[in-house]
Protein chains: 2
Amino acid sequence: MENLVSLSGFPEGDLEATIVENFVVSTLQRTFELHGFARLSTRAVEPVKELLAKGETSKEIYLLRRLQEDPVRAAQSKKQLGLHFDLTVPFARYVRENAGRLDFPFKRYQIQKVWRGERPQDGRFREFIQADIDVVGDGTLPFAYEVEVALVMADALAALPIPEATILVNNRKVVQGFCEALGIDDVEGALRSLDKLDKIGPDGVAAEMRELGFAEDAIAKLAQMAQIGGGASEVREGLAVLEVDSPTLREGVDELCALLEETDRRRPGRVRAQLRIARGLDYYTGTVYETEIAGHADLGSICSGGRYDSLVRQGKRTFPGVGLSIGVSRLVSRMLSASMVSVSRKVPTVVLVAVTDEEARPDSIAVAEALRERGIACDVAPEAQKFGKQIKFADKRGIPYVWFPLTGEVKDIRTGEQVAADPGTWMPPAVDLHPEVRPA
Amino acid sequence: MENLVSLSGFPEGDLEATIVENFVVSTLQRTFELHGFARLSTRAVEPVKELLAKGETSKEIYLLRRLQEDPVRAAQSKKQLGLHFDLTVPFARYVRENAGRLDFPFKRYQIQKVWRGERPQDGRFREFIQADIDVVGDGTLPFAYEVEVALVMADALAALPIPEATILVNNRKVVQGFCEALGIDDVEGALRSLDKLDKIGPDGVAAEMRELGFAEDAIAKLAQMAQIGGGASEVREGLAVLEVDSPTLREGVDELCALLEETDRRRPGRVRAQLRIARGLDYYTGTVYETEIAGHADLGSICSGGRYDSLVRQGKRTFPGVGLSIGVSRLVSRMLSASMVSVSRKVPTVVLVAVTDEEARPDSIAVAEALRERGIACDVAPEAQKFGKQIKFADKRGIPYVWFPLTGEVKDIRTGEQVAADPGTWMPPAVDLHPEVRPA
């Protein structure tokens, strides 16, 4: 069970890894739908100007050109297309284009491949699956959705056979208001520096802030703020000590604490504050989210997002939204490499129907048809070899049962038990109809 | 229920169209798995040399370049990547690379997007979903699989709410052997001309064959052969009249008739011969397949493929295979435009839990959590508006039930019936837990 990599950055699962990936996808899907999110699929391709509108991510984009097109003219074309690098940009475009036909608040999920031309290192892929949920309103969006999306993702991750996931939250208004109170105009700069805390450490962050011209006491306060985390009371108490105050900060703290109190009431401990969380993208305006898996902090955040007020615009109308995105491929890749799960078998087949001799193949086919009729996946042996070889055929693939039409018996090749059976009524006694993914 | 097209050739479904597409995909998937085909996913990207190795299709390919890369240097690079234009080429590459770890005969299905830079006309898309099944052997592959794949696809198409599908078959050895007997060396030329019968008519085909230097009586015989179709006896009788004979032709006719007899025994009428079927791709060596849907001949073949003996090679080893591919997007697009199906609702939500006032929101959340616990998809109203407005919220989305926590009652808003209910035990009496796709 592993990813096969013949082209760097573009892993492909073997059959068992594919089963795990599909299991993760359908588990997420089930949770999203239980919460009323409708499935949407957007095209993989966007006009380049759409992809670049968000700024900052330009280096990651794959551009397209038809083989017959002139490379230089294609590169200059205003109509040039590229592959989407996330599912937020296409969703924003879809909402803008179809605002007239959507019902707001609009709740959708999307599970699709995305592509980034990044260097394929540190477990980063160039092609990978993301699973996104977003809620978008028309003009306004109640704060309650900032709570809901976090809890939906907490439930979705809890349904997977992985260690406990903790959603870490902050609020852009907290950082914004904190900076305002300290007289810092360059909030973006502060966020960008804070975002590097893991990479360059507190001293590195302080040095960067000095370069940005921040005052020493402001740098010290920001460093202290970045240490604050936990529940609502820790946030309030931690900030009180710093004696920093502004209307935006108060608003941000109130929202953050409301989120923490509500999530703690409904899913105790699943959502915690971490005031150093910045998130790279500048369109976030409220809650921002990251997610850690216990014992796998090195994996980075596997589920991130935030509230955005004006990512989606159409003339004077704005469509504020909030969403989170799970890095499915990265998560699955770790589930495989850390052996978090096992798969009961690598093919859907439950029964191999043996063939006595080629003349009698129709008898085997009849058994297979009868079993399939009742939802039992079957294979008919490709050749009328000796039964030992036919059993080996099943064994190699992990097919648990072999059926012998001549004697009307079915054998559990794992236990050796063989019983008389009727293909019109028999059900596999101790095996799932579909390959099962189990916690290892 | 429709496809939205803001970028020519790249349609996107609305919520209902997305439900139909997913229904088609999961129905195909279920049939494929019942027949023991294992799911595989390959990357969307292949080295260009891999994509061009099959020849002929070069004009369709989308090439990739990172935004920061120089367009000319990227175009000259031997490592340049492109998007796959079908699922056969990536599968052949996957088998070649992983031959050592696969169990042969290897049965897999693949349902993925593919891309073609074609002019987006005649219902052709530039991005679309294909669903492929293939069986590949190591060195040899029993003829029985040429029968099996046709029947699997017949079952898969019969499970969809579409008019009756007929799989039309021919055998390359028939055309090959027929040409040999007529003294025609350019079998490829004959196939290419026959393939245009629909487009340019019998006179056009004859003119083309004349240009290729075929003798008049050979052209006449080929034209007569192209008229033959039906069951095994029609094929044998039709060919007998023409008095053409060669060992390859006999082998081809025997295979073709064996296929027709076996499929007629198991799925009467689902598979018919049509000797004019050529298929564009030159790697086919045995049975070739196309599929028509009753009353939708203008759609062209929605499920095509064939037997190939040496598409997959690794050194001296060859891996003969046989496979068929359904054009899922084209089929779904027609299902939508011809109103073949209806969808029971456009969101997964079964129940909207109303909110009496914001103070009482936790009561509504508790009801929703209890229902979700038992697999019933719920939404909680975003705002504590008047109940009339909350009912309208549900109605617009097609959500069938509204729950009122204050009175502990649930209302079927389609009938107006309102009953007392316990969220721990209630089940929706007359509605599916998931949106249902029904024949229209």
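Using N, Cα and C of the backbone, Cβ positions are placed for all residues, glycine too.
TrEMBL does not curate its annotations; it predicts them automatically.
These numbers come from a predicted model, not from an experiment.
If you check TrEMBL, you get these features:
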BINDING   A:Asp86, A:Leu87, A:Thr88, A:Arg116, A:Gln130, A:Asp134, A:Arg279, A:Tyr283, A:Tyr284  L-histidine binding site
DOMAIN    A:20-348  domain 'Aminoacyl-transfer RNA synthetases class-II family profile'
Within reach of chain B, those binding-site residues of A:Asp86, A:Thr88, A:Gln130, A:Arg279, A:Tyr284, CB-CB under 8 Å: none
PLDDT averaged over every residue in the domain 'Aminoacyl-transfer RNA synthetases class-II family profile' (A:20-348): 93
Other C-beta atoms that fall within 10 angstroms of the C-beta of A:Tyr284 (L-histidine binding site): 22
Packing count at A:Arg279 (L-histidine binding site) (other Cβ atoms within 10 Å of its Cβ): 19
For L-histidine: widest Cα to Cα gap among A:Asp86, A:Leu87, A:Thr88, A:Arg116, A:Gln130, A:Asp134, A:Arg279, A:Tyr283, A:Tyr284 in Å: 21
Fewest Cβ neighbours within 10 Å, where candidates are the binding-site residues A:Thr88, A:Gln130: A:Gln130
Intrachain C-beta neighbours of A:Asp86 (L-histidine binding site), sequence separation six or more, cut-off 8 angstroms: A:Val114, A:Gln130, A:Ser325
DSSP-derived class (H/G/I helix, E/B strand, else coil) of A:Tyr284 (L-histidine binding site): strand
Per DSSP, three-state class assigned to A:Arg279 (L-histidine binding site): coil
Structural state of A:Gln130 (L-histidine binding site), classified by DSSP into three states: strand
